[in-house]
């Protein structure tokens, strides 16, 4: 009976974590205009189609690994409540033409974000609250799109 209760408890926790992540991901969708390159981050998903330059905006699919991940995939280091992120195991270029626009860390319902400019290092340090074991870290490259660790 105790084992059954424990298994049920673990199941409920897993469902809760999955639900929170699905809400975060639905809230945090990224769209890009195929014409001018404008980027929109949704706070909440509603009905309708996002349009820019007379064209529907494209939902950015999250990349977790593929060619180019050595310069785009966030590398995360956690030390207590300090989360350090460097984009790429090889430093990402940060030129006017090609750079990481932002780094984002989601812990539970909290979202931490650092916006970057060309010639800055593609890295961030966040002081976070909550359990980091299920955090999501994303980075957005102006050319190659959305990447997630």
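Using the three backbone atoms N, Cα and C, a Cβ is placed for every residue, glycine included.
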Annotated stretch (transmembrane segment, per TrEMBL) among the listed ranges 6-25, 26-45: 6-25
Same-chain residues at least 6 beyond the ends of the domain 'Desulfoferrodoxin N-terminal' (26-59) whose Cβ lies under 8 Å from its Cβ atoms: 101, 104, 106, 111, 140, 142, 145-146
DSSP helix/strand/coil residue counts for the domain 'Desulfoferrodoxin ferrous iron-binding' (66-148): 7 helix, 41 strand, 35 coil
The one of 72, 98, 144 whose CB sees the fewest other CB atoms within 10 Å, among these binding-site residues: 98
